[in-house]
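J.: What Swiss-Prot records for Glu174, His252 is active site. Taken from Swiss-Prot, the feature active site, nucleophile covers Cys372. Summarising the annotation, Swiss-Prot assigns substrate binding site to 19-28, Asn110, 137-138, Arg216, Asp254, Asn366 and lists sequence analysis as the type of evidence.
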Amino acid sequence: MNVYELNMDGLVGQTHHYAGLSSGNIASTNNALSISNPQAAARQGLEKMRRLYNMGLKQGLLPPHQRPNLNLLYQLGFKGTPSEQINKAYKTAPELLSACYSASCMWTANAATVSASVDTEDNKVHFTAANLISNLHRHQEADFSKKLLEFIFSNSDYFNHHPLLPKSMGTSDEGAANHNRLCQSHAHSGINLFVYGKKVLGNHQFEQSPIKYPARQTKEASEAIARNHLLNPERVIFACQNPLAIDQGVFHNDVISVANEHVFLVHEEAFYNQTYVLDQLREKADFPLVIIQISKEQISVSEAVDTYLFNSQLITLPDQKNMILIAPAECQANLKVKTCIDGLVADPQNPINSVYYLDLKQSMRNGGGPACLRLRVPLNDYELKAMHQGILIDNDLLDILDKWVLKYYRTELKISDLADPQLLYECLDALDELTQILKLGSIYPFQS
């Protein structure tokens, strides 16, 4: 039976803007209050999907969430008509209005953690939508992400959905951005590597914690997901992210490592006690594991964060053993990073034999590279057929979506534009049409 890795990319929403809402995300902070181009952001994302689809990969999308989040404004004390809510928030708490308008759901690597059916005791694909409690603008995504995933993967014969983990600091969960799966191929059972930044309960075993920026993922959350997903404990590793890396802007593990099948591309300063972590991987691997460790002399952590090298997608083309690195254009523009990539591609000791650079500047300026924009869902033929087909990409759908973006998306968005009530109605009109395009039914709150 064929097994595929479905890439589910987030379709960038109309309210994509730069507000610096994410502590520890250096790009987000550095570009706060800049003018964004939502139309360009969405089209760059669509072009990424088109590129991977035309390479022969299975490609889907997750639609944007309803924004602004009027219910969140209400919870925060802004009452009245939608226009009155927006006006009051803009005048008295513009940073809260910005959070309610956030388009950060486009980074679907944080939407959920997914376990392949070949890894689980009941042979079903398991989903846990992330609670994302570390940031207000991300926390609001959790419930709707769960609703979306339950709609798209609704067949209980194949899919198992779990409740969000408790919305507490002790079970803070950031989704698949802190999860890697290593295996001989997508069809084989794998080693599940969960990465966390802090342990909240019990004895604290680590001498160091990040000082400058917060750690987001807890060990308790990662352990709960592994239990709920019925993963074999002998095939699971929990690794602590290097707190020194977190303080340099590595807010998720997918900013400092990337895995695909039997290849693990990782910076030498990614983990606390990294030698032990890699030894565990080698010990558990019943397949020829290839670990490519990039030294700090080749690329520093700060250079990795600036260019998002490790937030590239590493993919295997159908019916081939070779892999392609899908990297942001910022990697090509940095001589040290490009030299490192050229060396990887030229090295016959690893299966990476080509690189493709993507222009994702609008997302990158907010701290999201190629890997941030996609949620990986391993599916066999039956599981792929059992899911909702309307969000699966082909060139015809991409053409329709491109016209939809050109119709509804602004080419410029400033923070002051969030005060314009017309933006709300533009968003609702667009989402109403999108649900028809993707055959999602009345899935948004305003449609019920």
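Backbone N, Cα and C define each Cβ position, glycine as well.
What's the neighbourhood like for these features in this structure?
T.: Counting Cβ atoms from all protein chains shown, Glu174 (active site) has 29 others lying within 10 Å of its own Cβ.
Neighbours of His252 (active site), defined as other CB atoms within 10 A of its CB across all chains, total 26. DSSP gives His252 (active site) a coil state; it is part of no helix or strand.
A simple way to gauge crowding: the CB of Cys372 (active site, nucleophile) has 27 other CB atoms within 10 angstroms, across all the protein chains here.
Under the DSSP three-state reduction, Asn110 (substrate binding site) is assigned to helix. Non-local neighbourhood of Asn110 (substrate binding site): Ala130, Leu132, Arg138, Glu141, Glu174, Gly175, Ala176, Ala177, His252, Cys372, each in the same chain, at least six residues away, with C-beta under 8 Å from its C-beta.
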J.: Which Cβ among the binding-site residues (Ala19, Leu21, Arg138, Asp254) has the fewest C-beta neighbours inside 10 Å?
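T.: Checked Ala19, Leu21, Arg138, Asp254; of these binding-site residues, fewest Cβ neighbours within 10 Å: Leu21.
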